[in-house]
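Lifted from TrEMBL, the feature list:
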type: BINDING; residues: A:Lys108, A:Lys146, A:Glu177, A:Lys178, A:Leu179, A:Ile180, A:Glu185, A:Asn264, A:Glu265; note: ATP binding site
type: DOMAIN; residues: A:112-294; note: domain 'ATP-grasp'
Number of protein chains: 2
Amino acid sequence: MAFSLFQDLKLGILGGGQLGRMLIQSSFDFNIDIAIMDPDDQAPCSRIASRFKVGSLKDYTDVYEFGKGCDVITVEIENVNTEALRQLELEGKKVYPQPAVIELIQDKRIQKQFYKDHNIPTSPFILTEDRNEVMRHADFLPAVHKLGREGYDGRGVQMLRQVEDISKAFDKPGVLEKLIDFQTEISVIVARNPQGQVRTFPAVELVYHPEANLVEYLFAPAKISPEVADKAEKIAIDVITKLDMIGLLAVEMFVTKEGEVLVNEVAPRPHNSGHQTIEANHTSQYEQHLRSIMGAPLGDTAALKPSAMVNLLGEEGYEGLAKYEGMEESMAVDGAHIHLYGKSYTKPFRKMGHVTIVDEDLDRLKEKADFIKNTLKIKA
Amino acid sequence: MAFSLFQDLKLGILGGGQLGRMLIQSSFDFNIDIAIMDPDDQAPCSRIASRFKVGSLKDYTDVYEFGKGCDVITVEIENVNTEALRQLELEGKKVYPQPAVIELIQDKRIQKQFYKDHNIPTSPFILTEDRNEVMRHADFLPAVHKLGREGYDGRGVQMLRQVEDISKAFDKPGVLEKLIDFQTEISVIVARNPQGQVRTFPAVELVYHPEANLVEYLFAPAKISPEVADKAEKIAIDVITKLDMIGLLAVEMFVTKEGEVLVNEVAPRPHNSGHQTIEANHTSQYEQHLRSIMGAPLGDTAALKPSAMVNLLGEEGYEGLAKYEGMEESMAVDGAHIHLYGKSYTKPFRKMGHVTIVDEDLDRLKEKADFIKNTLKIKA
């Protein structure tokens, strides 16, 4: 293959949030020409993309017209118009991840059924059409009720521990997933290119914010046995291969006390559980995504050192123009790397940035992560 | 200090080449608002800067008008109009490095005299006004003749081994430096912020291209004894402190066979000898430069792993629209990170990009660096 690829292909990204922003940061190294479309003219990519178009990601015409001007089209959010992407694919555009994969992942019901149909280990579940149907399966509780479509960043998920909680269940098509008494929640990011090459990043451990249902801390590597790590990597490879997907896939999994590994859900794009790869691994998840969709050889995924990641969420009780407290103290922490997302407006739990800490001493890593979490505050 | 700093201050950079480009890449992490001025509307920063102005860096009015719209002004090239910078400084703008430091460094004669006057070890030298004066000092050969002003990227330097070579000497004010029979050529990058904090990066070893007088390879850490490394770091700190400079300073030094360390020359900005810090060190030189001039605490300079850096120079005999050969093979090298500078036009020895290789095995590092040097070619 002649490698004019990176010089001559125009890449279009649907979505201009922080993931797109970090993709752009990475893309400079390869002279890739990137266009971004996002509905928000103040999106994190708006000031840094060489071409930025305001448009609806769910609108057929907007997506189609945007894609027409590109050679390769990818997403940094799943919630996009896939009909337009299918048409673009028919017209010869490279759309990675493929529209069929995006559609499958857009609907948590179909996603869950896919695991079952393809012998991918996942928690027991029941598909529900409305709240009444959840009520009929009250004996299945404790369970997690997920909205089939449109859930994102903690929205569209409810914990149903007892019958009284069912009033919180969604009154729309959803999936009721048996609550797993897991020991650890992990993520393996895997990439696959059109040549069929597949590479996984080492498993990381996720600690979720109890209220916001967002990743609060991440530790890499995950504290799991080599056997469990191996099992998790094999599952991630199995999922991306069975999806026949090209691109980057984050596979979130539960590790039970018995060492069982169950797929929770996946995201077909760079993911919150891979931010730390920018500093801590040979290749970042962003570069890996670009490599995979541009048809390049995949990069070395090995970690250089252990790392932790803390999401910087908008402080509860504050909404308005963002003010950063504790920046100086946080910047003074050796091995800490601050990433702000260029969002001027904060609101409770909004993802405003993240901090990666690299340190070979695991205790110190935790201490530094705690310090930054307690020091760096985003208020208004 | 309230850390609104990074939110509210506008940073202006004089020069829009690859160093500015990598500064911009780094700046996104801190939501820094950057404006760039460069005479070339196709400069590497032109497509990625949120504000890009075409203007002459040597013109008083262009520099002054550009600086007026900024709060902090820095450079990615020394060859700028310092009169305008002095005026901006008088008007309360933060100009880092300070105009006085830039002026001193702009003239290799003054720079060399500064070392002598401040007891900074450097090679013996003679200031020369014209070629005739070089001839009068023929007994000082072998020596390197450097043009006082305007030398850059290998231009303005001549090796004078014997009397016959003097015809190549510059017929303008220059400095004749005794040729040092060095064992190793090293560089220490040091940063200093307005609070007076100083931090050095570990010394790296430079191998120059014999013809182009450009860095061809770099290895980090340098193969020098801990005593020599310590001496070199102390000298770098001594230089930046005696210059009373704020910002980032690359200090290039010779290590003689006797373990003597002599300052060759300095650059008051991110430097070719610090590219590898992006992947191989906790803090990159670009982030460190931003931290120092924005008044933030300096970052951790420790290396994560050994690394090598290869400059990607335009292939001899080719001039025109750049075509990259061997990209795929080079991208397949584990631990290799390619950085292209967004230059569409190549010519012999033009710096088109660089590749950093990170690997803990030093022999393998050298092998990989050689492979990439022999594989990745930029033709037209």
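Cβ coordinates come from backbone N, Cα and C, glycine included.
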Farthest-apart CA atoms of A:Lys108, A:Lys146, A:Glu177, A:Lys178, A:Leu179, A:Ile180, A:Glu185, A:Asn264, A:Glu265, residues recorded for ATP, distance in Å: 18
For the domain 'ATP-grasp' (A:112-294), the mean pLDDT of the predicted model: 94
Close in space, distant in sequence - A:Glu177 (ATP binding site), Cβ under 8 Å, 6 or more apart: A:Lys112, A:Ser123, A:Pro124, A:Phe125, A:Ala143, A:Val144, A:His145, A:Lys146
Fewest other Cβ within 10 angstroms of its own Cβ, chosen from the binding-site residues A:Lys108, A:Leu179, A:Glu185, A:Glu265: A:Leu179
